[in-house]
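Pulled from TrEMBL, these are the features on record:
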type: DOMAIN; residues: 34-363; note: domain 'RCC1-like'
type: REPEAT; residues: 54-105; note: repeat 'RCC1'
type: REPEAT; residues: 106-158; note: repeat 'RCC1'
type: REPEAT; residues: 159-208; note: repeat 'RCC1'
type: REPEAT; residues: 209-261; note: repeat 'RCC1'
type: REPEAT; residues: 261-313; note: repeat 'RCC1'
type: REPEAT; residues: 314-367; note: repeat 'RCC1'
type: REGION; residues: 404-436; note: region 'Disordered'
type: REGION; residues: 452-472; note: region 'Disordered'
type: REGION; residues: 528-571; note: region 'Disordered'
type: COMPBIAS; residues: 528-543; note: compositional bias 'Basic and acidic residues'
type: COMPBIAS; residues: 556-571; note: compositional bias 'Basic and acidic residues'
Amino acid sequence: MAEPHELVPDSGAVFTFGKTKFAENVPSKFWFKNDIPVYLSCGDEHTALITGNNKLYMFGSNNWGQLGLGSKSAVYKPTCVRALKPEKVTFAACGRNHTLVSTEEGNVYATGGNNEGQLGLGDTEERNSFHLISFFTSQHKIKQLSAGSNTSAALTEDGELFMWGDNSEGQIGLNNISNVCVPHQVTIGKPISWISCGYYHSAFVTTEGELYTFGEPECGKLGLPSEQLISHRKPQLVSGISEKVIQVACGGGHTVVLTEKAVYTFGLGQFGQLGLGTFIFEASEPTVLEYVKDQKIRHVSCGENHTALITDVGHMYTFGDGRHGKLGLGLENFTNQFIPTLCSNFLKFIIHLVACGGCHMLVFAIPRRDAVEDICIEEIDDSCLSPVASLPVGDSASGSILQGTLSARVRRRERGKSPESIQMTRALPPTEGTLASADSFSASSVPFRLSTSNLPERTVSGKDSPMEPMEPDYFQDKMTKEKETDSSSVANSENLGETTDILNMTHVMSLNSNDKSLKLSPVQKQKEEKANGEERAIHEYNENPKGNMHSRTKKSSLEVHEDNESILSKDSKSKRVGIMIGIAKRKET
């Protein structure tokens, strides 16, 4: 566990789980100096984050240019996209290898892989920086974006849905067309309120609360009877859900639906991503998730093979593929979960945002005012608190039955993935922090973007400080008072990103023996009260190579101002590695 006195700011922190590049296979966290996250999106192995100041931050894998930073190099810490700073970014969507963003000005931009035209630029050439999709104008007020394996979607406030990219399985609803490189409208004659793109299937919700699915018909992921599957290339009404649908989330091969009364799941379940119990490998009809029937769920999110649910009181349940620790259940639990399992590490936090990707998950949470002992655990099903439905990854991913269900999608994969060894080198997210008041939330058909007006009041932190609420508009003031610290422009910069204002990023530099290039890797924080003076100095120098040390306001919390340039010169890198090697040799002698 993290040290008890290591506090999370009143304004909250972003917690990362799984293969994020920020911290591989180990939980980590970061926060912003004068800003807060309001929107998260995860792709296969990359992440987009939008702050209250409408800035876009990207990090993760970048082999297709999906980060939009002008290169294909992986990025190991959240980096602000400078090219979009003049505009106010509102929404983002990460596909498997591409990214979409929209701005208040009505512009939509795309970057990354484009082999099926999923960037909407009229061709199939990949991009490594954000390019404007000329189809959209200020008349198209974007309400939501979504991205799948090689598909893209944009939903307007008027209820119009536009989709483009791969249509090999009918996943963009354009009948017999194989793919389109520019946005095309998808309509059923009714306004649409919600859209979700899975890997090879899609789903949307109408303003009347009806659910439609389309795309790859195998394994029950569309939730349709056999007679409707014949027309799977066009949107089909899912009649198996009687009550009004609010949200839908599509994963790699499964679908999760939130209604006014319950949560339904259907499709592939070999990793437990349906939450229906052990060895439920497939469900072809919408099935109520009984394990959380007594909980009021306000948001659902799907990764490729895992699922997350947020309740109205800010608790989170996860289930499905547990590899890389992406379920957020702790370093001791990397197993698959076949029923919704409460993330007990967050009982002292209010979870506001969650995003699930192919290999990772991100959570934005703030400290809770209520003491953890006051949380009514009695109301939570005991089976959701223990890993009774856990199975080792190897047991659930083997067998001829699973191979048959996966074959339809596996044969379409563009690239293989090699499993990486799990390294448990950092502590869990801290469960100690300053306490903030709890909010109640209700499920909504409005796309899940955090409003700063809904954040709880700030409290005074300190060992003996009383709980005194700050001004209600504290969070808004915190963002509007931000001062720009960079003076260079995109034109004279060596790159298109910056990492200023990202805090609590405890990294050191290590040399990659394969490509001889420098790579950032997480390190475990010192647990001893007295750290070696030389190690501390080198650590601080690595965090801030220009030597502008940031004063510590808390005894055990390291807050670092990152250098504006995310690509350091070769000379400074070499010097840094040399210094660290020298320290290591001295310790050996």
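Heads up, the Cβ atoms here are built off N, Cα and C, so glycines get one too.
Any TrEMBL annotation is an automated prediction that lacks curation.
Owing to the predicted nature of the structure, the values given are computational and were not obtained by experimental measurement.
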### Query
Quick one: DSSP breakdown of the repeat 'RCC1' (209-261) into helix, strand and coil?
7 helix, 19 strand, 27 coil
### Query
Over the repeat 'RCC1' (106-158), what is the model's average pLDDT?
97
### Task
May I have the DSSP-based helix, strand and coil counts for the residues of the repeat 'RCC1' (314-367)?
6 helix, 28 strand, 20 coil
